[in-house]
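**Q** I am attaching a structure below and will ask some questions about it afterwards.
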Amino acid sequence: MGCFGSPTSKQSDVNSEDSKSQKRRSDAISRQLQKDKQLYRATHRLLLLGAGESGKSTIVKQMRILHVDGFSETEKKQKIDDIKKNIRDAILTITGAMSTLNPPVALEKKENEPRVEYIQDYASSPDFNYPPEFYEHTEELWKDKGVLQTYERSNEYQLIDCAKYFLDRVSTIKNPNYTPNEQDILRCRVLTSGIFETRFQVDKVNFHMFDVGGQRDERRKWIQCFNDVTAIIFVTACSSYNMVLREDPTQNRLRESLDLFKSIWNNRWLRTISIILFLNKQDLLAEKIKAGKSKLSEYFSEFNKYQTPSDAIMESNDDPEVIRAKYFIRDEFLRISTASGDGKHYCYPHFTCAVDTENIKRVFNDCRDIIQRMHLRQYELL
């Protein structure tokens, strides 16, 4: 009689080992799926919404500075081209508007006319390479009173918010060894197209922030982000009260923002998602109100009868008219949320300046408890 096991016994052992191996793999997959599910449920997903140029992407940059590792030297260097383009777009737009405004604006110094011709004829080229004379012409034009007067009328045409900031810094940016600082990165304007996700952690709590384009043709992409959102952060540019849309020169920007907020607030798919309202660009709003050239009442007649509310917080050095203006804009949004609120979602307003890191740090810290409560309610833990 042989001393080896039968072939049937061997096959049975192999099958048994395969079954054990398959079960181990299956158990490992199940454990991983359970971990992923727990991580997903523990993550706060924040959707940034708002009209174009409201400051959404700047908020995302602040989250990177505050809660990730900021921007590497390589990333900063990569931003130089965008910053130079901001300078070019700014001086091109301002000098181009001088003749199209009604009434038009003349240069203070006639000898600057060739500089304007250079900017309009050469700097507009798609493959423009920013030679030294470009910076020289730009610096001299930025000193011209006619150019400055045209800048002050920028609500009459389309100009990027960061125009003055970068035109003031041309002498630094033209340096071959220039590296952007954090404020340069925050101020740099690049059109957002598509959906961008930023992940960060605060006190061991995971956040995913989704930034989507705000122009009208970008908004159809928003619906892709609505699934399982913890909260919406709606960003509005308060300083846009005297401006019109790039994509529709007949529509006031702040009214567009109010209409957009109303459509989101009343959307049947979002009835259980609360909105954190960032009343942004408070610095620019204050500048405009103090200058007195574009009165809020000229664009919103309701402001004439508006009284500063009793809950307004005012410091000793605050301008009463600026306070009245910012609370008026706040209350225009709250009027929408209270008119159709059903108790299932709420609006939490905050005054923000997206380029001010300390301001955004404080505001986001104030919002974290609200977001946590929304998250617990989302998974019926509250």
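All residue numbers here begin at 1 and follow the chain in the order shown.
The backbone N, Cα and C atoms fix where each Cβ goes, glycine too.
Pulled from Swiss-Prot, these are the listed features:
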- 1-31: region 'Disordered' (REGION)
- 1-14: compositional bias 'Polar residues' (COMPBIAS)
- Gly2: N-palmitoyl glycine (LIPID)
- Cys3: S-palmitoyl cysteine (LIPID)
- 17-31: compositional bias 'Basic and acidic residues' (COMPBIAS)
- 42-382: domain 'G-alpha' (DOMAIN)
- 45-58: region 'G1 motif' (REGION)
- 50-58, 186-192, 211-216, 280-284, Ala354: GTP binding site (BINDING)
- Ser57, Thr192: Mg(2+) binding site (BINDING)
- 184-192: region 'G2 motif' (REGION)
- 207-216: region 'G3 motif' (REGION)
- 276-283: region 'G4 motif' (REGION)
- 352-357: region 'G5 motif' (REGION)
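Buried or exposed, and what's around them? Tell me for each listed feature.
**A** Non-local neighbours of the region 'G1 motif' (45-58) in the same chain are 160-161, 186, 189-190, 192, 196, 207-216, 218, 222, 225-226, 228-237, 240, 245-247, 253, 256-257, 260, 264, 278, 280-281, 352, 354-355, 371; each lies 6+ residues outside the stretch with a CB under 8 Å from one of its CB atoms.
DSSP assigns Thr192 (Mg(2+) binding site) to coil in the three-state reduction, outside any helix or strand.
In the three-state DSSP assignment, the secondary structure recorded for Ser57 (Mg(2+) binding site) is helix.
Within its own chain, the region 'G2 motif' (184-192) has Cβ neighbours under 8 Å at 53, 56-58, 61-62, 65, 71, 76, 79, 82-83, 86, 160-162, 165-166, 169, 211-215, 218, 354-355, 357, counting only residues six or more beyond its boundaries.
This prediction places the mean pLDDT of the region 'G4 motif' (276-283) at 98.
Residue counts for the region 'G5 motif' (352-357) under DSSP, helix first, then strand, then coil, are 1 helix, 0 strand, 5 coil.
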**Q** Looking only at C-alpha atoms, tell me how far Gly50 (GTP binding site) is from Thr192 (Mg(2+) binding site), rounded to the nearest Å.
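**A** If we compare the Cα positions of Gly50 (GTP binding site) and Thr192 (Mg(2+) binding site), the gap is 12 Å.
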**Q** Per DSSP, how many helix, strand and coil residues does the region 'G4 motif' (276-283) have?
**A** 2 helix, 5 strand, 1 coil
**Q** Count, for each of the binding-site residues Ser54, Thr58, Thr192, the other C-beta atoms lying within 10 angstroms of its own C-beta, and report the residue with the smallest count.
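**A** Comparing Cβ neighbour counts within 10 Å for the binding-site residues Ser54, Thr58, Thr192 gives Thr192.
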**Q** Out of Arg189, Asp211, Gln282, point to the one nearest Ser57 (Mg(2+) binding site) in space (Cα versus Cα); all of them are binding-site residues in the record.
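**A** With Cα distances computed to Ser57 (Mg(2+) binding site), the winner among Arg189, Asp211, Gln282 is Asp211.
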**Q** How many Å separate the Cα atoms of Ser54 (GTP binding site) and Thr192 (Mg(2+) binding site)?
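**A** The Cα atom of Ser54 (GTP binding site) is 11 Å away from the Cα atom of Thr192 (Mg(2+) binding site).
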**Q** Which whole-number value in Å describes the distance between the Cα atoms of Gln282 (GTP binding site) and Thr192 (Mg(2+) binding site)?
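**A** Pair distance, Cα basis, whole Å: 22 Å.
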